[in-house]
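Notes follow once the structure below has been shown.
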Amino acid sequence: SCCDWLINICRRKKELKARTVWLGCPEKCEEKYPRNAIKNQKYNFFTFIPGVLYEQFKFFLNLYFLVVSCSQFVPALKIGYLYTYWAPLGFVLAVTMVREAVDEFRRYQRDKEMNSQLYSKLTIRVADLTGHLIGMIFFLTNINMLFPQNQRIPSDMVFLRTSEKTGSCFIRTDQLDGETDWKLKVAVSCTQRLPALGDLFSISAYVYAQKPQLDIHSFEGTFTREDSDPTVHESLSIENTLWASTVVASGTVIGVVIYTGKETRSVMNTSNPKNKVGLLDLELNQLTKALFLALVALSIVMVTLQGFVGPWYRNLFRFLLLFSYIIPISLRVNLDMGKAAYGWMIMKDDNIPGTVVRTSTIPEELGRLVYLLTDKTGTLTQNEMIFKRLHLGTVSYGTDTMDEIQNHIVNSYSQSSAPKVRKTVSSRIHEAVKAIALCHNVTPVYESHAGVTGETEYAEVDQNFSDENRTYQASSPDEVALVQWTESVGLTLVNRDLTSMQLKSPGGQILTYYILQVFPFTSESKRMGIIVRDESTGEITFYMKGADVAMSTIVQYNDWLEEECGNMAREGLRTLVVAKKSLTEEQYQDFENRYNQAKLSIHDRALKVAAVVESLEREMELLCLTGVEDQLQADVRPTLEMLRNAGIKIWMLTGDKLETATCIAKSSHLVSRTQDIHIFRPVISRGEAHLELNAFRRKHDCALVISGDSLEVCLKYYEHEFVELACQCPAVVCCRCSPTQKAHIVKLLQHHTGKRTCAIGDGGNDVSMIQAADCGIGIEGKAVFSSVFYFASIPLYQGFLMVGYATIYTMFPVFSLVLDQDVKPEMALLYPELYKDLTKGRSLSFKTFLIWVLISIYQGGILMYGALLLFESEFVHVVAISFTALILTELLMVALTIRTWHWLMVVAEFFSLGCYVASLAFLNEYFDVAFITTVTFLWKVSAITVVSCLPLYILKYLKRKFSPPSYSKLTS
């Protein structure tokens, strides 16, 4: 149909295409590409009011009130004053709109702040009027000209040029993938070799880039220079890219823009914000539908009793309107105000200063959580590595004995280097520290002031290495921690280039080592190696360090390594085994020939290279075992333990490596000491996934550790089985997770378990997960508890009495229930098991609801029939007696519900009663003032109130005595 065709046209997404980007010539772009702007707003100027109204009236409760209010414009159906229907509804809508407008304005301000950041653009023209960014060349530095912090890359780029002599630089990607390791990026060699920066505009060159896609770990493209002979073609991969939201960590970089706005990898990996709805709202919606069905049934009974005479359908609708107060709109008002009060309490809590409640409609969700999904880096950990332990087999050094190591190093460099037959502790320490100082990929950088070109200049190697302005760069914070430790004990890395590195001894002597080969760390090999030649002696040494699982078969036989690795891991330390092997000139030459030959082979190159390197990795001398601690956030261990005792299942979703994630899971006590860990082997096919799931099924009460790739395969073929098994685990750790995978896991849990989820994280890569969860927290490793709401039941009256009843007379006591506490906060934290009662949702189950309905029917019957039995000559006395008894009953019922009295509750009770007594003087049309001041009136009202409330007080006392709730056992 035409409508379907129109909808499809509106919904159709623009097809993403590959592109050819000319350097510095945005006008050559034939396509129109998205603006490079961030937009997190839900609405625009035109969609705000329709959008907010739709979000409100998609709930049955609100839609019901709207229909009832609109019916009053039809004269035949009008049964009361318009304001009795529209005033409460208007108030609810006004509060909602103001709240949404404030939230939307804050989002607009945050977007504006991000979008107004300035960057340096390279241009040779006086003015640039194209408005296109694709093809623009931008200049970025790790020392921002405009802001003190490091500069964030504004769009996806290809890396053309850098100030670093090596033609490469480091970038930080923690906001993109959650990984703490710095990534090495390499400039396009053709543009890096150009003599001057301005030559970028004098060459005719273009970049061909594949169409935008989700995968942040891959890229395919080519760089072509047309004006050279022959034409230069260079293949581009992920190492030549600079994605938006990453940060330049070293030097200055020049890049050409290839993707902007919503086509950047970071935006494509971010989900659209959704309107979150609390479980309480959904439950109330269901109860409202049940009440509505009861209301319809009651109306049909009334029409049936009339015998369907006259226009019965009109009578049916009028009965529906008369009974409409069975579903009280004051419930909606109190609920919204209660949520706002809880949000305010969270923001004002002294224990969590600085907390901001961004969504004020779901604070009560914190009391119903079953799954907590947390990021690792920056949330559980501070991402600060500290060297904690050095173990030499016979002797171990901790933080309190580092000065002994320093003394040994000073002594070993001050003595003459005569060869010793037997190794002393001093010589073994010297060898171990030297190995740690040489076996790494760390580069020291000396920063001086920005030069004329704006590029940061780095001090040349002039043998004058001052300690003040030296910083270390590496792809991993662990590496930096090790090199900083060797500096603290006296052996300092002062310079490194592609062919050599220099160390400074405690006496200030510069020791030079030539780098012959470097074997970088990979997740498959789990180790890194380096071959160096000592300039002074000509000795060639092969150093290697790595995980104990990889190194245990490489080093010579020993009886202590496995045991000590286990001890350090239990302390939550990240362990590295360090070993060495001395090579003769002939041995090295033989190795180099075989290595170079393997690197030139076309078939199975990686395997042949690995085989040649492995020929060296035999019978290596074990030097030491190091332990580095990734510092946890304050109070992480007790917090996680408390949450676990509260019945909350914790899943850790991280972009980091498997070993790192497992180590933090142990040290943070996410996995308790007594629990086993099942590491899910990497799987790539359906058959492998089936076998591994069967192996996992046989394990009982063990934590699961799985990588993002394996998870993807399992979810593709065995989604239901995997989620069912994972949900039975006490803890789950997913490593190497992309932002979209994190959000997918949250949605899976919601779909398969139906339980409430909470996501907590600190980086840009956690935004999708936080948005997908029922409750999202962007804070530093703290947990917040919240109680649920309670409601009083409400019968019916007309006109001003009804509005008064729904607002002035009863609102304050009911609203004051937000201050109620079943137990003190200190008690809740001491006994987190109490939280399990909240997650069961018994406070607002159908059973609880039915009990309140029965109480309402009983009290309504007593009030009406009591007044009818006791009224004198005029009918107006029925209203006076029953309405006064109703107000007193309501105030007493609120008092009956309260567990812990607060002085504001007492004020609310007496204030409401005072308001009612004061208003009696003005309500002449309802009340006979002469009658309500008599003793008869007082005893009749008191009698009805006692009959309606006393039995309930007695029942509550008996229930508390014979079947007390779990919390009362602690308070008694």
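Backbone N, Cα and C atoms are what each Cβ position is placed from, and that goes for glycine too.
It should be emphasised that the depicted structure is a prediction, and the values quoted were computed from it without experimental measurement.
Copied over from TrEMBL:
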type: ACT_SITE; residues: ASP375; note: active site, 4-aspartylphosphate intermediate
type: BINDING; residues: ASP375, THR377, ASP762, ASP766; note: Mg(2+) binding site
type: BINDING; residues: ASP375, LYS376, THR377, GLU479, PHE521, LYS545, ARG574, THR654, GLY655, ASP656, ARG736, LYS742, ASN765, ASP766; note: ATP binding site
type: DOMAIN; residues: 29-86; note: domain 'P-type ATPase N-terminal'
type: DOMAIN; residues: 784-964; note: domain 'P-type ATPase C-terminal'
type: TRANSMEM; residues: 83-102; note: transmembrane segment
type: TRANSMEM; residues: 122-147; note: transmembrane segment
type: TRANSMEM; residues: 242-261; note: transmembrane segment
type: TRANSMEM; residues: 290-310; note: transmembrane segment
type: TRANSMEM; residues: 849-869; note: transmembrane segment
type: TRANSMEM; residues: 875-896; note: transmembrane segment
type: TRANSMEM; residues: 903-923; note: transmembrane segment
type: TRANSMEM; residues: 929-955; note: transmembrane segment
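Overlay of TrEMBL feature records on the structure.
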| residue | record | Cβ within 10 Å |
| --- | --- | --- |
| ASP375 | active site, 4-aspartylphosphate intermediate | 27 |
| THR377 | Mg(2+) binding site | 25 |
| PHE521 | ATP binding site | 21 |
| ARG574 | ATP binding site | 22 |
| GLY655 | ATP binding site | 29 |
| ARG736 | ATP binding site | 22 |
| ASP762 | Mg(2+) binding site | 24 |
| ASN765 | ATP binding site | 30 |
| ASP766 | Mg(2+) binding site | 29 |
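Straight-line distance linking the Cα atoms of PHE521 (ATP binding site) and THR377 (Mg(2+) binding site), rounded to a whole number, equals 21 Å.
The transmembrane segment (929-955) shares the most Cβ pairs under 8 Å with 875-896, out of the stretches 242-261, 849-869, 875-896. Residues 287, 290, 791, 793-795, 877-878, 881-882, 885-886, 889, 893, 940, 943-944, 947-949, 952 of the same chain, all 6+ positions outside the transmembrane segment (849-869), place their C-beta atoms under 8 angstroms from a C-beta of that stretch.
When DSSP labels each residue, the domain 'P-type ATPase N-terminal' (29-86) comes out as 30 helix, 0 strand, 28 coil, counted as helix, strand and coil in that order. Close to THR377 (Mg(2+) binding site), meaning Cα to Cα within 10 A, are the following binding-site residues out of ARG574, GLY655, ARG736, ASN765: GLY655. Largest Cα-to-Cα span within the ATP-binding set ASP375, LYS376, THR377, GLU479, PHE521, LYS545, ARG574, THR654, GLY655, ASP656, ARG736, LYS742, ASN765, ASP766: 32 Å. The two recorded residues, ARG574 (ATP binding site) and ASP766 (Mg(2+) binding site), show a Cα separation of 25 Å. Here ARG736 (ATP binding site) is positioned 13 angstrom away from ASP766 (Mg(2+) binding site), judged by their C-alpha atoms. When the CA atoms are compared, the recorded positions lying within 10 A of ASP762 (Mg(2+) binding site) are ASP375, out of the candidates ASP375, GLY655, ARG736.
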